[in-house]
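These notes concern the structure reproduced below.
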Amino acid sequence: IERKSFEKHKRTLVLDVPVITCKLTHAFVERNYKELKTLNPKLPILIRECSGVEPQLWSRYDLGVEKGIKLEGLLEAQIFKALEDLVNI
């Protein structure tokens, strides 16, 4: 998996992490959050922990446009690919 900075995109990423219902996305955040913040120190990455909610990754763009990807059942490499896809729109 290529690790890179998403700073140039200036977008807000919101990763919803249902701790109880999706251990995979919770583990992804635990393993990768520090590196993502190190590579993207000025990019706000918001983590929301909740239960009973399907895990999703959101990107908010200019003019109030939002795009989300469902993460249920995805592997770590697929979550990184989803992150790249959202940021590169």
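Cβ atoms are placed via backbone N, Cα and C, with glycine included.
Listed features, source TrEMBL:
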DOMAIN    24-88  domain 'Ribosomal protein/NADH dehydrogenase'
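Counted with DSSP, the domain 'Ribosomal protein/NADH dehydrogenase' (24-88) comes out as 31 helix, 16 strand, 18 coil.
For the domain 'Ribosomal protein/NADH dehydrogenase' (24-88), the predicted model reports an average pLDDT of 82.
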